[in-house]
């Protein structure tokens, strides 16, 4: 059968069919609008090529006739279809047909809802109604009618209103023609249940039950009369009616009475105590039988233990001679139940008693024959035959009390999760103790010694109180106990079978050796394969396998059996030899590499086997154990700083474990509900199920016959190479006689499933229908090296922009203290970003934007809010989950994902607590979906080019065949015809055009997109370090590696959202901790251009080498399909270069008519710059330069505040002026003359240079707060920058020098970007040291321009040892020199750098100070950073072994940046040999003050005798001081003596 190709349009009757369907559904629409739509519709061709095939009549006559008839029928329908009749333009809607008229607008010139004005109907609401024209139409009539013609504007208005609604809303396919998802056209089971319930409720209950008796009576009366019976026959009819009515009435009363009784019992159950006579009767009879057995069991179990614990000192042995609890059984006095405790909880109060001495409830015979409880402890005194056993008796034991029992149900058998026990009151405990004398002469010391009984009771209550007395309770986790007894996997054993040598097969004739290895364990994990086999090697005695098999083990106290078999085609496989390995050796050495052992059969050697064993245990969750340890440490009074270090270590471990993607999944399939039964003819199913992981079947569930809601409750454990990428597929079949039919399927990743189940949802939805109840638990495993799962590049489907505006924290948190909230962003429970915390506020304003790449519509974004705690674990505030499927959807036409809403709307979401209960806390967020264009990778592009060539050849062959058929048709036209077929190349073209084909040059033209980075291999230096990758100005790492094994990096994947590719940078950081929180944690750091990395590592992997570390990386790039706004590009962030020139006509603030003006520059209420002070002038000239970091031009506000300096008291405000930076052009220089809001103006010059500001530390526990940020990339990170990055503490600062100086100067003022220079233009020593610490060494590994820094490795800081390291820093408040009018108006720049010390003669004047001389000195405590929240500085002077306290500052509270400003000064007298001792005290209001540490400064050090400030490490932070020592009263430096001439030669 052959044919030719032709292009045709769709048949015209198809459009008419859709229009007819619209008419049927939308009958309430104006007919005029429908007709106009029909006349104006354009039946354009679909754009696809249709194929007409030429069919030979002789070959297929029947098909030809059918096709011809169909074509002619379609043409006749199209020709005969008349155009719809035009309706009069006078047709309108009238008010009587409108619905919800109370929501329609009031009267207006275009028509209204009534003839009576609203002022007349509701005069109170329209006392001041605006004037308007009278109604144009009288719409008070109650039936349709034509009142007036509609104008063109009215018709156009009606058309526009109706065209606003899309076809999907007006004509939903569910109402037009619903079809079954399986394609069988059967109705939905859920809909069938609804219809059945409606029929039973309305037709049966309401109609049949109410009128059936009446209709029956009437029918039989007519029947009897028709037959000819007399009226006496009515007696029998009414008798039957009465019988039926009585039965119905009795049934109705019985059911109603039963329902009312149930409701009453449930409501009164918690108000009364139930008696348990039946239980007590059972216990009294059972106790007599069981008590002797219990007594003997206690003696048999306890006496062997007591035999070996004799204390000595004359006591030879201990033993229980007699143990009985008496003949009276314990009783339950009553049970009180609480019915409203929750869905899965039962709570009861049990009143119990064990009182054998009470005979009030016993008969006379029982009281006479009763046996009292008695415990006799025999103590043997002496040795050998000179010994005597003395009994110690405990008698008359009585216990009674009231206990609350709370049972929480679970999902796993026995369906009890936790049992909580709590004593509601101290129990009654009474007994008699006879230590001496036995039964005859024994004396009860409990009643003889006064106060002893109450003392013993108090000891008992004090011990059980913390466990059982309210509010404490003892929790027994039944699930954990059952899990501990079950044989769960504790790890994975990787068995590598390398090879075998000299294998000896059987002596059978023509036998060849075809070996394979079978691995078995003694105790296999339930649900796993008992045998694991290697491949078969044919006809070889020295096979080479090099295969690795993974075995799940539940214990290492077993043996591994390795058997080598010889494969036989017909005969049974024969055993060549076997080998047993003791796995207990892996406890000491988890790696047994390159092992060799003999395969033996009996005592004969059958060959040599080479193998390797690697043991990977499960990472234990020690959170509960560590919580108990913290509680014990707190009870023992451990130091707070130790607890804080422990908490930080636990957080690092938790963050590290969250990155592990390999592990063991424990999957329990419980049951499936609401399966589709319409495919079954009988309505009953015989379901079975199959579970697949990454396409491999791992479990087959048994078939359950004739059950529509199967319940398996079977568990399997399986090794999953990637929790996020592995595909989980569950298929449920109906096992029929003719085979299995698929009735339900569910497919997702394990990460998505676990996230869904963690949201308090017990099931997942299958397709087409079915609720699948699953339990999935995860156990992480660290598999490194060659055993780590190779990462695969997952295709993203888009990116979600998450904007967190602000939050309102309500409700009480556990603990005492201020609320310092911050939030984290998680994707499928993996933390991607942590924001900064906002100090002491319940309404934090974050204004942060987060970009999160999305790879599955089942992923869930989670926002968690915490309260930052300086000491201890952060407190949980609440969380909210945002399913990604609510943000975007899949376009059915293009197959691409698009956003649900075009506009960005702010949503108010309420937070939920740990129990998923809604709280009063609110967060305002908005989400936007950014679609992407999938691009073929270089490897895929090669395969696509091959497919294109093959497709081109297929089309040529097809066209050639069509030409031949066309020629045959011209010769024999009666034997051929044109038939329409589907495009035979459509599937191939869709496969080729699934992604875009872009070259590297075309790809890098796209500014924004998702960068996929593959780390293939690598090593870190040192081997114990971690690798972090930061992007652009994002402070939180976009990638954190798993813990390397001996410094070797695992193969991992990272996805980063890039906002501007041309300016983007990647920062590779090697740190000591999992996440570096301080500069001391950084070992080395290197920066690369993202664009250069992409160019060099796009087609082939490349090696990166920096600071002893190296790694092999590969990059891919997926661009976005929409252009990001300028506010999200690099043009929105950068540095504002400001030159503060002068001020004119400023306000006078001093008595002399002048002011001492200086300027503060604020960015979002944060001071970033402070100018010099100009004395006694209203027209100051500053000529100072400042480099101001701007994190977001669209969100930041720059304010210039002019102040008048006062020596005493607060500075006076001279006015403010704001600068709009959002409208500045990049690189253009502007001249501004800003008018102050009071008087005068300031003259500025500046320009804006876009640049990503390099991220700093302290994301959560730092001091940068209340700043608008951008957060981006796969780990959603925040742009955090300090107000200056050019200066920091010098190398002399002990630990943390890289961060502290620059951080503190930001808040104190000064130009942080300048370096002090000497008069000849070279950097001074202090500035040079600072630049060495902060600046970066330029290196070019792999021919790339990179920037690296290697901070100094500092020792651990001990606050009890005085710190003698300090360094000079740039002055925050520079020395003010007397100036006159000429100097103030000169063009000379008066900058802080000009006041910095340089290489001058004064820099070494300390040599002129006389030894043991006394000099005056002044010390100014400027500020402290990250020392404590409430800090106080104590200054002392030490000399000659004596310590003298000279000053103590006021207690200052640190601001949001962690900076406490003092500006306090004191004087002292001392010799150069003396030392200044600076101590920090943490001021506590509710507890004792805490010493944070001390620092020591030698007054003879030349560094302190130069102008400037000094930074010293104090506690966990830094202290900035200024020392003026050794100068005269005029502040002049003593002259430097001349150097002798003999030393100058």
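Using the three backbone atoms N, Cα and C, a Cβ is placed for every residue, glycine included.
The compositional bias 'Polar residues' annotation in Swiss-Prot covers 62-80, 1318-1328, 1341-1351, 1361-1373. Annotation comment: Swiss-Prot describes 620-660, 937-972 as coiled coil. According to Swiss-Prot, the feature compositional bias 'Basic and acidic residues' maps to 624-641, 1329-1340. Marked as compositional bias 'Acidic residues' by Swiss-Prot: 642-658. Under the heading domain 'C2 2', Swiss-Prot lists 646-763. Residues or ranges marked as domain 'C2 4' in Swiss-Prot (evidence: sequence analysis): 1119-1234. Residues annotated as Ca(2+) 2 binding site in Swiss-Prot: 1150, 1204, 1206, 1212. Residues or ranges marked as compositional bias 'Low complexity' by Swiss-Prot: 1377-1404.
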Sorted by sequence, non-1150, 1204, 1206, 1212 residues with Cβ within 8 Å of centre, Ca(2+) 2: 1149, 1155, 1156, 1203, 1205, 1211
Other CB atoms, at most 10 A from the CB of residue 1150 (Ca(2+) 2 binding site): 14
Helix, strand and coil totals (DSSP H, G, I; E, B; other) for the domain 'C2 4' (1119-1234): 6 helix, 56 strand, 54 coil
Under 8 Å by Cβ from residue 1204 (Ca(2+) 2 binding site), same chain, sequence gap 6 or more: 1149, 1150, 1155, 1156, 1157, 1211, 1212, 1213, 1214
Surrounding CB atoms that lie within 10 Å of the CB of residue 1206 (Ca(2+) 2 binding site), all protein chains: 13
DSSP-derived helix, strand and coil totals, residue by residue, for the domain 'C2 2' (646-763): 22 helix, 56 strand, 40 coil
Count of other CB atoms lying within 10 Å of the CB belonging to residue 1212 (Ca(2+) 2 binding site): 17
Mean of the pLDDT scores, which run from 0 to 100, over the domain 'C2 4' (1119-1234): 89
